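Colleague: Have a look at this one before I ask anything.
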Ligand SMILES: Nc1nc2c(ncn2[C@@H]2O[C@H](COP(=O)(O)O)[C@@H](O)[C@H]2O)c(=O)[nH]1
Ligand SMILES: [Mn+2]
């Protein structure tokens, strides 16, 4: 009887203490499966037309605002000693850029993305930006940007995409200049450029 209560107590303790880690893992997996689903749907369409197999060795996948447990080396200010520990790292607006690690830095629906390789820069905590980043918030963009200008810009870019006023907060004008954001990070030895991806089709969920 006592053993049973004891085991139940241990079980509850393990469940409560690991709950947040399970949630983090499930959230990341769910996001990954979503991306994989979209990628496979897109690859299938392209394959129908080109009749070619993609090179899966060059597959790059990157999370967007996430938390991982990583081996970190840092200077303990209290003791002055260097320490190496497994720590939970949250990257918000940033993504991992460890030495030789592939990454994706997207710009906007009209400017496309860069495939980059991390240089493992200690000064940026082995991280780079996860995109060009916003010049203005969603509400501000919806308030001040003109739909006409947005549609004209999409026409000029030649990108096949929905022209819907509900997408105004994703207008290219709402984001920073991707080339400038990349230039700062290559100058600071955070990343190096591997490929430049120009957009042909853009599909947004709304
Ligand atoms: N290649 C594309 N990049 C995009 C697009 N929309 C946004 N972005 C970039 O991604 C991040 C996250 O954007 P947010 O909409 O969640 O703020 C941001 O840094 C943008 O620069 C797109 O359609 N294509
Ligand atoms: Mn977006």
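The backbone N, Cα and C atoms fix where each Cβ goes, and this holds for glycine too.
Below, the features straight out of TrEMBL:
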TRANSMEM  6-27  transmembrane segment
BINDING   64, 65, 106, 107, 108, 109, 113, 130, 131, 132, 133, 204  GMP binding site
BINDING   64  Mn(2+) binding site
ACT_SITE  130  active site, GMP-histidine intermediate
Colleague: Which has the fewest other CB atoms in a 10 Å radius around its CB: 64, 130, the listed recorded positions?
Modeller: 64
Colleague: Counting only residues 6+ apart in the same chain, whose Cβ is under 8 Å from the Cβ of residue 133 (GMP binding site)?
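Modeller: Correct list: 93, 175, 176, 181.
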Colleague: Got a sec? Which of these binding-site residues, 108, 113, has the most Cβ atoms within 10 Å?
Modeller: 108
Colleague: Any idea of the Cα spread of the GMP site, 64, 65, 106, 107, 108, 109, 113, 130, 131, 132, 133, 204, as a max distance in Å?
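Modeller: About 19 Å separates the two most distant Cα atoms.
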Colleague: Should residue 108 (GMP binding site) be counted as helix, strand, or coil on the basis of DSSP?
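Modeller: Where residue 108 (GMP binding site) sits, the three-state DSSP reduction gives strand.
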Colleague: What is the Cβ neighbour count of residue 106 (GMP binding site) at a 10 Å cut-off, with all protein chains included?
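Modeller: Taking every protein chain into account, the count is 19.
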Colleague: Given a separation of at least six residues and a C-beta threshold under 8 Å, show me what packs close to residue 131 (GMP binding site) in the same chain.
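Modeller: Expected: 93, 105, 106, 107, 175.
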